[in-house]
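Listed in Swiss-Prot for this protein:
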- 563-832: domain 'Protein kinase' (DOMAIN)
- Asn48: N-linked glycosylation site (CARBOHYD)
- Asn68: N-linked glycosylation site (CARBOHYD)
- Asn231: N-linked glycosylation site (CARBOHYD)
- Asn235: N-linked glycosylation site (CARBOHYD)
- Asn258: N-linked glycosylation site (CARBOHYD)
- Asn291: N-linked glycosylation site (CARBOHYD)
- Asn433: N-linked glycosylation site (CARBOHYD)
- Asn446: N-linked glycosylation site (CARBOHYD)
- Asn495: N-linked glycosylation site (CARBOHYD)
- Tyr635: phosphotyrosine (MOD_RES)
- Ser721: phosphoserine (MOD_RES)
- Tyr735: phosphotyrosine (MOD_RES)
- 436-458: repeat 'LRR 2' (REPEAT)
- 460-482: repeat 'LRR 3' (REPEAT)
- 1-23: signal peptide (SIGNAL)
- 24-510: topological domain 'Extracellular' (TOPO_DOM)
Amino acid sequence: METRNKFMLLACATFSIMSLVKSQNQQGFISLDCGLPSKESYIEPSSNLTFISDVNFIRGGKTGNIQNNSRTNFIFKPFKVLRYFPDGIRNCYSLSVKQGTKYLIRTLFYYGNYDGLNTSPRFDLFLGPNIWTSVDVLIADVGDGVVEEIVHVTRSNILDICLVKTGTSTPMISAIELRPLRYDTYTARTGSLKSMAHFYFTNSDEAIRYPEDVYDRVWMPYSQPEWTQINTTRNVSGFSDGYNPPQGVIQTASIPTNGSEPLTFTWNLESSDDETYAYLFFAEIQQLKVNETREFKILANGVDYIDYTPWKFEARTLSNPAPLKCEGGVCRVQLSKTPKSTLPPLMNAIEIFSVIQFPQSDTNTDEVIAIKKIQSTYQLSRISWQGDPCVPKQFSWMGVSCNVIDISTPPRIISLDLSLSGLTGVISPSIQNLTMLRELDLSNNNLTGEVPEFLATIKPLLVIHLRGNNLRGSVPQALQDREKNDGLKLFVDPNITRRGKHQPKSWLVAIVASISCVAVTIIVLVLIFIFRRRKSSTRKVIRPSLEMKNRRFKYSEVKEMTNNFEVVLGKGGFGVVYHGFLNNEQVAVKVLSQSSTQGYKEFKTEVELLLRVHHVNLVSLVGYCDEGIDLALIYEFMENGNLKEHLSGKRGGSVLNWSSRLKIAIESALGIEYLHIGCQPPMVHRDVKSTNILLGLRFEAKLADFGLSRSFLVGSQAHVSTNVAGTLGYLDPEYYLKNWLTEKSDVYSFGIVLLESITGQPVIEQSRDKSYIVEWAKSMLANGDIESIMDPNLHQDYDSSSSWKALELAMLCINPSSTQRPNMTRVAHELNECLEIYNLTKIRSQDQNSSKSLGHTVTFISDIPSAR
C-alpha cells in the first residue's frame, strides 16, 4: 500500500452522496480554493461543500490555471485554479481557529502543468514553526495530484500553513480544508497523526466523503484478490465513540475467500523508526443463523491483542492505545478465526496514521497577536512577515529579534525595529502587549500624536528610538521616571519637552544649588546617625533584598556554571531546571521561562523568601540572577529528584519502602510547619505537591518552589483574599471557591501528597471509576480493606495500624472544611507516631522481609474514613 495518497483516485472517482444527509451543515469547516478570485465562492458539485477564495488568508503569491485537456471537465473543481509563490522563501496561510480544537487538516496539490514547464514542483510544507512533510507533485500524468492530511490539535487561535521553497522549483497549492473533529477521537500519546489511508473494504470504485461522512474523511475503496466482499442495505447504527463511519463505509466488509485463512492487511511506514496507529471498524452485517458464530483474534505484528465478536448491525471502532512500531517499517494487522467460530473474520474499514512530532513551540500567542495587529495597523508588506515571527530562526521576521531558550519554551519578542518603514498614524497600542520587549525603534517614519505613556509599562524596555517623526507634546512622567530609576534610554526630537522642566533664571539656580548642598549635608549626617544606631542594635535585623551582591550572579556566570544550559533536570510552570557546578559543587539552576506572565513577581517572591528563611527542610538558595529579562535561581543540588518521580517509578531502581515514605512526609511537614509558625511574617506556600518535595542524597526531604508563597495574618479566623493559584488536584476547595487563603490551604495540599504516598495512585486518573483520588479512596474505604488502598508496590510490607493512622490523617487533612483540618504541628506529630508504630512492629517481627516500594496519587474532597 502506498503511503502517499494519489489524488488522481479521488479525482477520477465519483463521490457517493446520500440524499438523506444532504442537510448536513458545515459548521467549523474551512474550505479554501487557492487561486479563486477575491470574494468568489461556489458549491463543489460532487461534495456539496462550499469553497471560498483564499485571498483573505495569504499575503503573497500569484494565481494560475491548469492546462485544458480532455480530462479537465472531470477533475475535482478546486484543482482547476491554484496559487503559486515565485517570491520569497516562506509563504504562509494564516487561519483563524479555536485553540485546543482537534482538526483534520488537508492540503491539496494539483500541478496540471499550469506554467507549461512540465517541472515537478518540490518544496516543504510547515505547520506553524515545524516541518510537516516534503511535497513532490508528480507530473507523470495530468490526473496526478497529491494530498497531505493530518489530525492536529491547535496550540493557539492562529494556524499557519507555510510553503517553503527548497530548490529551484516554485511551491504551489490548490486547496486547503479544515474539519473540526471530536476531542476524544484520534488521540495520540504524543504528537499529531499524519494520515496514510482511509480505506473501506468493497468492490465498488466510489470514494465516499462529505456529506455522507460528517467529518469529511475521504474513504477510498480497497480490496484484495483473496478477499470476498459482502454488503447489506440494512441500516447499521453508529456507536457513541465519536468516529461515526458513514453508512456507505460500514455497510460493506471483506472476509477471506478461504474461510479457514486469516484476513491480513499490511502497510509500509516511511521509516522503520516511525510509529503508527490503526483504527479498525467492525459491524456484523450478515444475519447469522442460530448455530453460526463469528469470533476472531486481532493480531498486530504477530502479537495477540483480543478475541473479538462484531456487534450485530452496530459499528464499533478499535485502535491500539499505544503507538505501534513495526520491524523494518512493515506493519501487519491479522484477523484469525478462533476455534469456536463457524464463520471467517470480517472487517469493514481501516484508517492508518503515522505519528509526527512537532517539538518547536510557537512564539508566545499574545505576542503573535500583537505583532500581527501592528502589521495590520501600519499595512506592513515585508515579505518575510509571514508565519511565526521567531522560529524557525532562518525564517524570523526582518526587524524582529527573539529570545529562544529551547524548543519546548515559547519564544518571546525582545526587539522590534520598524525604522524607515513609512509608518503613519499614532504609535500602535498593540506594542504594549510585547511585554518582554527590550528595544523599540520607530525612528524616521511619519508617526503623529504624542509619546504614549503605555511604553512605560513594558518593564524590560531599555531603549526607545522615536526621532525623525512628527510627534508632539511632552514625555509622559512615567517614562521620565523610568529614565531616572531604571536607566531607560529614550531618544526623541528636540520639540518633545520634558514635563515639569523649565529654564530657571541664573540667580534662582544659585539659590537652589546652595539650599540643595545644605540639604544634602543634613541628610547625609542624619543617615550616618541612623546607620550607627542600627548597627549597634543586636536585636534588629536588616531585611535582605534583591540587591544583596554576595549572592547575585551575572547571566554569563549562569551560562558558565550550566555549561551553556547543557543538562536539563526538569521543567515546570516557572521554567527549565538545569544541572550546574559552582566552585566544584553541584547546583540546580532554574531559569525563568519567557512565557510566564507572572514570572518576575514569583521570582522576586522566591528570592526574598529564601534569603530570609533557613530551615533544614527547605531547599537552600545559593544565589540568583536578575539581569533584565534573564532571571535564574541557583539552588543546592538534590541528588534524588522529587518525590513524585519515585512514587510514579520514573526514577527507576528500587522503590520507596513504607518507613522512607513516612520519613519524607515528616520532613516535608516540618518544612511547611516552619513556614506557618517559624517565619515572620508567617507564610503560606500555596503550591505544596509531590513534585515540589525534593530528595537529597540520603533521601532527606526539602520543600521547594516558593514563587506562589504569600504571607498571612495570625488568628483562627484570619485569611488573605487573593486570586487562586496552585496546581489542579492539590487545590484547597475552600480556597478555590472563596479565594480565602489560610495556612490550612497548605494542609489540604499536603493531605493529597500524603494520600499519594500511601496509595500509589495518580492524583487524577481518567481510567479509574473515580477519576479523583479522594473519591477513589472514599469508595475503597467503604469496604474497610486496607490492602485495596495501599500501594501494591509496597508488597504488604507495612503495619496495618501505622498505615490506617496515616490514611486517617490524610483524610483529615483533606476535609472540605478548613476549620476541621489539623495544623502542621499536629500533622508532623501524628506522622512521627505512625513511624514509631511501624518501627516497633518491625522490631517485633525480625523475620519479615523489608521489600521496598513506590506509589503515586492525589485528589479533591473527602471525609474521614470510618471503616477499620
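Count begins at 1; order follows the chain as displayed.
Using N, Cα and C of the backbone, Cβ positions are placed for all residues, glycine too.
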Exercise for the section: Could you tell me what the rest of the chain brings near the repeat 'LRR 2' (436-458), counting residues at least six beyond its ends with Cβ under 8 Å? Expected result: 364, 367, 401, 403, 412-427, 429, 464-476, 478-479, 481-482, 491-492, 496, 594, 628-629
Problem - Per-state residue totals over the repeat 'LRR 2' (436-458) - DSSP helix, strand, coil - result: 5 helix, 6 strand, 12 coil
Problem - DSSP-derived helix, strand and coil totals, residue by residue, for the repeat 'LRR 3' (460-482) - result: 6 helix, 6 strand, 11 coil
Problem - Inter-residue Cα distance where the pair is Asn495 (N-linked glycosylation site) and Asn446 (N-linked glycosylation site), in Å - result: 15
Completion exercise
Whole-Å Cα distance, Asn258 (N-linked glycosylation site) to Tyr635 (phosphotyrosine), is 69
Completion exercise
For Asn235 (N-linked glycosylation site), the three-state DSSP class is coil
Problem - For Tyr635 (phosphotyrosine): intrachain residues, at least 6 apart, with Cβ closer than 8 Å - result: Val587, Ala588, Val589, Lys590, Val619, Ser620, Leu621, Val622, Ala704
Fill in the blank from the handout: Whole-Å Cα distance, Asn291 (N-linked glycosylation site) to Asn231 (N-linked glycosylation site), is 21
Fill in the blank from the handout: Nearest to Asn495 (N-linked glycosylation site) by C-alpha distance, among the glycosylation sites Asn48, Asn231, Asn433, is Asn433
Fill in the blank from the handout: Integer Å value for the Cα distance linking Asn68 (N-linked glycosylation site) with Asn48 (N-linked glycosylation site) is 24
Practice task
State the three-class DSSP label for Tyr735 (phosphotyrosine), counting H, G and I as helix, E and B as strand, and everything else as coil.
Solution key: helix
